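**Student:** Straight from TrEMBL, here's the annotation block:
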- 31-48: transmembrane segment (TRANSMEM)
- 157-174: transmembrane segment (TRANSMEM)
- 194-219: transmembrane segment (TRANSMEM)
- 225-244: transmembrane segment (TRANSMEM)
- 256-278: transmembrane segment (TRANSMEM)
- 307-326: transmembrane segment (TRANSMEM)
- 338-358: transmembrane segment (TRANSMEM)
- 370-390: transmembrane segment (TRANSMEM)
- 402-420: transmembrane segment (TRANSMEM)
Amino acid sequence: MTTLLSGAVGLVVGTVWLARLGALGVQRGEFLAAYALVCVAYLVALRAVGRLGRLTTRRVLVLVGLVAIVCRLSALALPESDDVYRYLWEGRLQHHGGNPYVVSPIEARTAFPEIAEHDPYLPRVNHPDLTTIYPPLAELVFRAATAVSYRVTAWKLWMLGMELLLVLLLAARLRASGRPSEDLLAYAWHPLPILAFAGEGHMDVLMLLALWVAIHGVLSGRSAFAGAGFASAIGSKLIPVIYLPAFGRRLGPRGWGVALAVALLPTLVYLDAGWGLVRIAFRFGREMAHNSGSYLLLSRLVGEERAPLLALVLFTVFWFASRTWFRREEGSERMVQGMLHLTGAFLLLAPTLHPWYLTWLVPFFVVRRPLGWVALSLTGGLAYLAYGYLAETGVFHLPAGWVALEFGLPAAAVLVAVLARRVQGTVRLS
């Protein structure tokens with residue numbers, strides 16, 4: 001218990017330190033020190049909770065909950081991501097009859113001057129020349145949130161509410177599978193969700209909540225529930241399409257019928273946009289490469305023009321191989337494990353890897369915690385340093401040395417662990 005308390009103190013102190021620094025990654029030295037503290041504290045706590053076995057006590061669960069809440073409330077002081085300005089603006093635009101798939105933020109200044117002229121967020125929207133990349137369900141959430149309040153803090157509180165629902169869902173999953181409830185620490189104390197959702201206000205938690213509704217539904221035998229969750233996940237962010245092999249046969253006709261209905265209904269609201277519904281998503285994947293170690297390596301090997309195609313081919317091969325895995329493995333843990341590896345493969349081969357993308361891995365850690373993915377989810381926070389280089393040079397980039405460290409440390413950790421197991425096995429045999 002003492003070790004767990006040490007991890008808790010380190011996590012709270014580190015989070016408060018990061019919040020006091022302001023914009024993540026700008027004050028490079030202090031950011032690295034504070035971020036290293038929260039990562040070490042998390043690993044210490046993760047190891048400590050693993051040693052508790054099944055001796056769950058109310059005190060441990062209360063500690064996990066209190067620390068998670070304190071860290072998130074502290075992180076609220078962090079500056080929001082400029083993505084939040086787009087969420088809010090696109091929600092407001094819809095209230096005035098605009099379609100975010102048709103009207104870009106720049107075009108809105110002439111098309112909707114009555115609301116654009118004095119809007120506090122419109123001038124700060126990133127990529128203002130582009131219409132939205134977000135799917136229809138996400139746009140409806142933006143619309144609903146801005147109907148209640150047009151403030152950044154209110155949006156962050158929405159995200160905290162979504163995250164609370166996600167944690168409750170993960171707790172239900174742990175109970176259903178007979179696993180100890182304190183395994184929730186693997187998600188609740190992870191630094192990236194704290195920084196990305198409470199701190200920066202990213203909406204990826206909406207996708208994660210819907211995805212885990214789908215996972216819980218499938219593993220509980222509720223196909224309609226699962227179908228609604230899976231369609232909602234895709235409607236929040238297109239990425240969950242990669243999980244089709246996991247849900248294919250498991251949803252059944254009823255689940256797929258519900259999924260189709262849930263997917264189509266929000267789309268009807270924006271149907272007049274036509275090709276605009278997906279146009280920007282294709283452009284994003286093709287043109288906006290950033291911080292991808294594997295993608296950078298492929299670019300060096302075959303050139304920047306061929307790298308996207310090779311990355312797509314490699315992931316497609318892995319994706320088809322995963323179909324065999326999901327057909328063969330029916331157990332709940334094995335399904336979750338397969339989805340975790342599928343997520344990791346996608347992130348490694350994607351042309352863009354922002355730190356908050358790595359939050360997609362973290363809910364899986366309550367069930368499975370492979371060393372390589374846990375390590376990458378932590379070192380991925382080094383990508384916040386790109387904001388410091390943006391402030392210094394005016395160019396958003398992460399130097400190759402930091403990218404090498406970000407991906408090299410997890411690879412080295414896996415290699416050391418494999419070698420240690422082999423040495424241990426040799427010692428036992430002798």
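Each Cβ is built from the backbone N, Cα and C atoms, and glycine gets one as well.
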**Student:** Near the transmembrane segment (256-278), which same-chain residues lie under 8 Å Cβ to Cβ, leaving out any that are not at least 6 residues past its ends?
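**Tutor:** Same-chain contacts beyond the flanks: 99-102, 131, 135-137, 139-140, 223-224, 227-228, 230-232, 234-235.
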**Student:** Quick check: do the transmembrane segment (338-358) and the transmembrane segment (225-244) share at least 3 Cβ pairs under 8 Å, counting only pairs 6+ apart in sequence?
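**Tutor:** In contact, yes.
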**Student:** Taking the transmembrane segment (370-390) as the reference, which of 31-48, 157-174, 307-326, 402-420 gives the largest number of Cβ pairs under 8 angstroms?
**Tutor:** 402-420
**Student:** Hey, would you say the transmembrane segment (157-174) packs against the transmembrane segment (194-219), going by three or more CB pairs under 8 A that are 6+ residues apart?
**Tutor:** yes
**Student:** Who are the chain neighbours of the transmembrane segment (194-219) in space, where the CB to CB distance is under 8 Å and they lie at least 6 residues beyond its ends?
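**Tutor:** Here the qualifying positions are 15, 18-19, 24, 38, 68, 71-73, 75-76, 78-81, 83-84, 87, 134, 138, 141, 152, 155-156, 159-160, 162-163, 165-166, 169-170, 172-173, 176-177, 225-230, 232-233, 235-237, 239-240, 243, 247, 250-251, 255, 332, 335-336, 339, 355-357, 359-360, 363, 381.
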